[in-house]
C-alpha cells in the first residue's frame with residue numbers, strides 16, 4: 001500500500017503558541033519566553049476575538065425592563081426609575097382588576113414592548129435632568145411628548161398620567177404668560193370629559209377659556225387656543241344640559257345653554273353659534289316656552305341661511321315644525337316640514353326624509369285628510385325599503401297600514417249604509433281581492449284603483465309581500 005506524505009498545514013500564530021505549550025512538546029521553554037508568549041496571546045485575543053463587557057453580559061441575562069431600570073439607576077435618574085416602576089405596578093393592578101371581573105385582558109405588559117420602554121427612558125430622564133436645572137418648560141415638553149406618544153385607546157391611562165404631570169409642572173412655568181398652563185387645563189378638561197365627569201371638565205375648560213381670552217396663542221395646527229376653548233366649553237355645556245333635560249331640570253338646562261350661546265358668540269364662529277342656538281331652542285321647547293323657542297330657532301335658521309348650510313337649515317325647519325305642532329299651528333308646521341322634505345331629498349338624507357314624511361303623515365291623519373296622510377306614509381315606507389332598515393320598514397309599514405285603513409273607512413261606511421245590491425257586491429269583491437277601492441257617491445258604484453300605490457316595485461316580491469295590505 002502506498003503511503004502519502006503528511007499534509008503541510010498553515011497554522012495561526014495563536015495555534016502555534018498553543019501547540020508549543022502542549023505536554024507532548026519536547027522543548028523546554030524559558031520563563032521569559034513564556035511571559036512574552038502570554039502577552040502575544042492576550043494581544044491576539046484582544047485584536048481578533050472581541051469579548052463581552054459586563055454590561056453586555058447583563059443585557060443578555062436580564063429582561064429589557066430590568067436593563068432599562070438598571071440604566072436609569074446607574075445614570076442617577078432615581079425619580080425616573082420610581083415613576084416607571086409605579087406605572088408598571090399600576091398596569092399589574094389593572095390586569096388583576098380585569099381578571100377579577102372575568103374580563104379577557106388583551107393589553108400587553110409594558111415590559112414586553114421595548115419601543116415604549118425606550119420612550120420612557122428617553123423622555124423621563126430628559127425631564128428629570130431639566131427639572132434639576134429648573135428648566136420647567138423643557139420638563140413640560142418632555143412629559144407632553146410622552147402623553148402624545150401614549151394617546152391611543154390601549155394606553156389612554158398612561159396618557160392621562162402624563163396629562164396630570166404636565167398640569168402640575170405647568171403651574172411652575174412663568175416665562176410664557178400662561179400658555180402652557182392653558183394647554184394643561186385643556187388636557188385635564190379632555191381627560192375628565194372622556195371619563196364622563198362633566199362638572200370637573202367644565203371647571204378646567206372654564207379656566208382654559210379664561211387664560212386664553214385676549215390672547216393670539218395657536219396650537220401646533222395653527223388653530224387659535226381661544227377658539228378651541230370656546231368649542232370645548234360649548235360642547236361640555238351641551239352635554240351637561242342633556243343630563244339636566246333628562247332629569248326635567250329645564251331651568252338649569254336653559255341657563256347653562258344661554259352661557260354656551262354667549263361663549264359661542266365670543267368665539268366668532270357662526271357655525272358654533274348656530275349650533276348653540278339650536279340646542280337652546282330645543283330646551284325651550286321641552287320646557288313649554290314655545291314663543292321663545294321659535295325666536296331662538298329662527299335665529300338658527302338665519303345663521304344657517306347666511307352660511308348656505310342646507311342641512312342645518314333643514315334641522316331648523318324640523319325643530320320649528322315641532323314647536324308649531326305643539327302650539328296647534330298645523331298649517332304652519334306643514335309648510336316647514338314640506339321644506340324639510342325637499343332639503344332632505346336634495347341632500348340624499350334618507351333618514352331625514354323618513355322622519356319628515358312620518359311627521360307630515362301624522363299631522364294629516366289627525367286632520368282627517370287620509371289621502372294625504374296615506375301618501376306621506378307611503379313615501380316614508382318606500383324610503384325605508386330603499387335603505388333596507390328592518391326596524392324603520394316595520395314602523396313605517398304600520399303607519400302606512402293605519403292610514404290606508406282610515407282612507408278606506410269612509411268608503412266602506414258608505415257601502416254599508418247604502419244597503420243595496422251594488423254596494424254588497426262591491427264589499428264582497430273587496431273581501432276577495434283586498435285591492436284599493438274608491439266609492440263614487442253620485443254613480444253609486446265602485447271603481448277599483450287601476451294600480452295600487454304599494455305595488456310600485458314589481459320586481460321586489462319580498463317588499464310587496466311585506467306591505468301593510470298583504471299582512
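Using N, Cα and C of the backbone, Cβ positions are placed for all residues, glycine too.
Sequence annotations record features per position, and here Swiss-Prot assigns repeat 'TPR 1' to 92-131. Shown for the repeat 'TPR 1' (92-131): DSSP residue counts in helix, strand and coil, namely 30 helix, 0 strand, 10 coil.
With a threshold of 8 Å between CB atoms, the same-chain residues lying at least 6 positions outside the repeat 'TPR 2' (136-173) that come near it are 87, 90, 94, 107, 116, 119-120, 123-124, 126-127, 130, 180-181, 183-185, 187-188, 190-191, 194. Residues or ranges marked as repeat 'TPR 2' by Swiss-Prot on the basis of similarity to another entry: 136-173.
Mapped onto DSSP helix, strand and coil, the repeat 'TPR 3' (182-215) counts 28 helix, 0 strand, 6 coil. Annotation comment: Swiss-Prot describes 182-215 as repeat 'TPR 3'.
Proximity of distant same-chain residues to the repeat 'TPR 4' (234-267), defined by a Cβ-Cβ separation under 8 Å and at least 6 residues beyond the stretch ends, is recorded for 189, 193, 198-199, 201-202, 205, 209, 226-227, 273, 275-277, 279-280, 283-284, 286-287. Under the heading repeat 'TPR 4', Swiss-Prot lists 234-267, citing sequence analysis as support.
The repeat 'TPR 5' annotation in Swiss-Prot covers 274-307 and rests on sequence analysis. The average pLDDT computed for the repeat 'TPR 5' (274-307) is 96.
Listed by sequence, the residues of this chain that lie at least six past the ends of the repeat 'TPR 6' (314-347) yet keep a Cβ under 8 A from its Cβ atoms are 278, 281-282, 285, 288, 290, 293-294, 297-298, 300-301, 304, 353, 355-357, 359-360, 363-364, 366-367. Annotation source Swiss-Prot lists repeat 'TPR 6' at 314-347.
Sequence annotations record features per position, and here Swiss-Prot assigns repeat 'TPR 7' to 354-387 based on sequence analysis.
Per-class residue totals from DSSP over the repeat 'TPR 6' (314-347), listed helix then strand then coil: 31 helix, 0 strand, 3 coil.
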